[in-house]
Amino acid sequence: MMKFTKQNFIFLVGGMIIYVVDIGVDFWVASKYFCQGQYSWSILVLCFRCLSSLITQIFSYEWFKNDWEGADTGKLKLVFLLHLFQCGIFIRYWFALKYGYQAAFKQTSSRDASETDLSNFIQKQAIDAMTDINMLRVFKTFLETTPQLFLQIYILMGHGKINLHQYAAMAMSFCGISLSMVDYQISLRKSLPDKDGFRVSSKLMYLFYKLLTITSWILSISLITLLSVRISVILLVFLWICGFTWTLKQHTTFCKSKKMEYLYRTVVGIILIFSFFNIKGRRTKVCISIYYVTHTVVTLGILFVYMFWKPSIIKEICFRIVSILTILSLVLGIIFLVVYYIHFHPTTYCRPQACSDEADGEAGQKDIVKTGRFQNFLMQ
């Protein structure tokens, strides 16, 4: 079992600080847009924030309810009220900081069996608490942070001028995406006991792969949105339908209830619009190849459509810069992807008994909870 370290604790504290700052920046940006009379942008910023908050609170409460099955109903009612007022994530941070501090700063090696068992329990609690937070932050990243970045880039490309609050929003979006991606992989390695630690080189490769491919795609979607909002909406809805259909065919068993499972599949469909997402923990060379080949074709298609629809724009320096950045970030992102998968990716996702066909589909929901949520929530 891998240990919760002081570095993990520092990352946890940093993640909580960024989460709080991000909330403040979102409301600041929304208020600035509102004061400038740009009501639609203000509403969009708040909608992204409210949607991500609502969905993460729902999942967080469901996980508490599953983990505390048979516990005091009074405690669950209090947890429900806190989630109702959108404070559930702070309960999780409190538990993570509590167990994380004990695991990172107060644990000592001992030969006594009872003390060793207690130490292992605290380590597991700290890692599980960190894992749940990072899973929720992945949801938030693709429900709020990534769309927020898309909105700010679209405004920049469409209007040229950009203010301090827009720079702040873009900076927080990049920080949020970067931290959630790296923290997710750290949690994945810690939750799969037969995997090595996530080295600095692995973190950088994974980070650049995700950031560059996501940035390239956001630039592409921003270009098509500038050309036609209707076409952009149709494209995004079509991609979501494709992603949602794929999750249905995968027969995911992440949640206990059917309603929550469909909500989970809906969220995965949104994530798949922006980045590849492996929801079954299986080898996905074919799927990931098809995914990024499709993204490449669509990206190039958008650039060609732009040049065909508006030939005069080829002469504009702004279009040339954006086109170069789009293609360059896509090519570099795929290079980092290939290098990461060849040299740094964990080829075995979990222990054989946890990855058997029975555990993956037929063992029932109780087995899923016992083996840990991360066994059924794997993104690469």
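Each Cβ is built from the backbone N, Cα and C atoms, and glycine gets one as well.
Positions annotated as transmembrane segment by TrEMBL: 9-29, 41-64, 76-95, 167-186, 207-225, 231-248, 260-277, 289-309, 321-342.
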Under 8 angstroms for C-beta pairs, at least 3 of them, ignoring pairs fewer than 6 apart in sequence. Is the transmembrane segment (260-277) in contact with the transmembrane segment (167-186) by that rule?
no
Interface present between the transmembrane segment (41-64) and the transmembrane segment (76-95) (three or more C-beta pairs under 8 A):
yes
Looking only at residues six or more beyond either end of the transmembrane segment (9-29), which have a C-beta under 8 A from one in the stretch?
45-46, 48-49, 89, 93, 96-97, 100-101, 104-105, 130, 133, 137, 144-145, 148, 165-166, 168-169, 172, 175-176, 179, 183, 186
Within the same chain, where does the transmembrane segment (231-248) have neighbours whose Cβ lies under 8 angstroms from its own Cβ atoms, ignoring anything closer than 6 residues to its ends? I mean 6 or more beyond.
221, 224-225, 265-266, 268-273, 279, 298
